[in-house]
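Peer 1: Have a look at the structure that comes next, please.
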Amino acid sequence: MRQLLPGNTVWRNIRLATMDPQRQAPYGLVDNQALIVREGHICDIVPETQLPVSGDNIHDMQGRLVTPGLIDCHTHLVFAGNRAAEWEQRLNGASYQHISAQGGGINATVSATRACAEETLYLLARERMMRLASEGVTLLEIKSGYGLELATEEKLLRVAAKLAAENAIDISPTLLAAHATPAEYRDDPDGYITLVCETMIPQLWQKGLFDAVDLFCESVGFNVAQSERVLQTAKALGIPVKGHVEQLSLLGGAQLVSRYQGLSADHIEYLDEAGVAAMRDGGTVGVLLPGAFYFLRETQRPPVELLRRYQVPVAVASDFNPGTSPFCSLHLAMNMACVQFGLTPEEAWAGVTRHAARALGRQATHGQLRAGYRADFVVWDAEQPVEIVYEPGRNPLYQRVYRGQIS
């Protein structure tokens with residue numbers, strides 16, 4: 001019988017879906033195990049017969065399923081207002097160009113967010129964050145991008161920092177100043193990119209407000225040359241990069257981001273084989289965002305089979321935002337990725353655990369249940385991981401553990 005050291009906490013009588021690729025079973029499943037936690041990290045995973053049955057720091061989970069904490073690696077969580085009215089207009093036949101001419105589209109969210117007090121933005125974002133936490137999310141990426149000016153971009157990143165300070169969920173903040181051209185630069189997008197590169201990135205990086213730089217390389221966003229200026233600026237400062245690419249057309253954005261060893265290429269509906277090969281060579285994760293595909297009623301699906309063939313890691317995220325994916329649910333995104341894009345449930349699980357961790361540069365500490373990894377995990381009233389993917393409207397979460405503490 002193994003003796004527990006003082007300060008150790010044990011979860012026993014569990015079915016572990018470790019998501020460890022070194023384990024042969026689907027989902028890295030192992031039965032009749034015990035998880036030993038100390039100081040916020042997993043010390044060991046051992047057969048439960050090696051440990052005492054009961055004690056002050058022993059939690060008997062009665063055979064429940066345990067998985068790594070979920071990771072939502074692509075969200076636009078901090079914003080004000082909503083775009084419900086323009087969604088109704090679109091369904092009644094209005095074009096995006098018509099809506100934009102009336103002040104709608106992303107600029108409507110930018111205007112509302114610029115005008116919103118920081119404390120109000122914080123309260124709005126906190127409610128959304130806790131919704132994701134209630135689904136078992138323990139690591140969350142938050143992008144800026146609804147300021148499109150230095151002061152408001154900084155305000156959004158300060159909100160993300162305030163959320164992180166609550167110590168309820170890990171936050172990975174991303175600067176997405178190159179999200180769209182603001183109205184005041186409508187006729188000078190190159191001038192706006194100069195502002196992003198010469199002012200926003202260096203000043204906000206110096207303040208320690210973000211972990212990575214993102215951009216929107218698209219026909220309705222920024223072209224390849226403008227996008228490369230952003231990537232060059234970030235890389236010169238040693239900042240990891242990522243990109244919204246190939247969502248609505250094939251511009252070569254995935255190849256561009258991969259050339260800069262981007263953490264991830266996101267959306268990728270129009271990705272071609274050359275882009276997939278570049279992602280493999282650049283170590284870039286493909287992030288699927290089925291909520292936007294569904295909400296925009298797109299028809300071009302990401303090349304999932306090509307990604308499999310080239311062994312490119314595939315993550316899945318909510319893309320929660322007011323304009324194209326108003327779905328604050330990672331469970332729903334997992335289901336959509338299977339139904340719409342043809343992922344298997346196991347691939348969807350990998351997409352919100354170990355591959356999502358890689359998309360945030362956290363693969364050495366998050367996304368798997370292994371000795372030395374962070375003790376972020378979820379106990380479910382379920383027998384199999386597929387149950388969480390199969391029925392997204394039902395949340396069988398029993399217990400969420402963050403940094404070794406029940407939360």
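Including glycine, each Cβ sits where the backbone N, Cα and C put it.
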Peer 1: Taking T324, T344, T353 as the options, which does Swiss-Prot list with R83, Y146, H179, Q247 at the 4-imidazolone-5-propanoate site?
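Peer 2: For 4-imidazolone-5-propanoate, Swiss-Prot names R83, Y146, H179, Q247; of T324, T344, T353, the listed one is T324.
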Peer 1: Among the binding-site residues listed here, Q247, N321, T324, whose Cβ has the fewest other Cβ atoms inside 10 Å?
Peer 2: T324
Peer 1: Provide, as an integer number of angstrom, the distance between the C-alpha atoms of H179 (4-imidazolone-5-propanoate binding site) and D319 (Zn(2+) binding site).
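Peer 2: Spelling it out, the Cα of H179 (4-imidazolone-5-propanoate binding site) and the Cα of D319 (Zn(2+) binding site) are 14 Å apart.
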Peer 1: Using the centroid of the Cβ atoms of H74, H76, H244, D319 as reference, list every other same-chain residue with Cβ within 8 Å of it (recorded Zn(2+) site), in sequence order.
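Peer 2: Result: T75, K143, D266, H267, L289, A292, A317, F320, N321, S325.
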Peer 1: Please report how many Å separate the Cα atom of Y146 (4-imidazolone-5-propanoate binding site) from that of H76 (Zn(2+) binding site), as a whole number.
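Peer 2: Cα to Cα, Y146 (4-imidazolone-5-propanoate binding site) and H76 (Zn(2+) binding site) are separated by 9 Å.
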Peer 1: For a quick check of packing: other C-beta atoms within 10 Å of the C-beta of H74 (Zn(2+) binding site), how many?
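Peer 2: Taking every protein chain into account, the count is 32.
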Peer 1: Could you tell me the maximum Cα-Cα distance in Å between the residues recorded as binding 4-imidazolone-5-propanoate, namely R83, Y146, H179, Q247, T324, rounded to a whole number?
Peer 2: 20
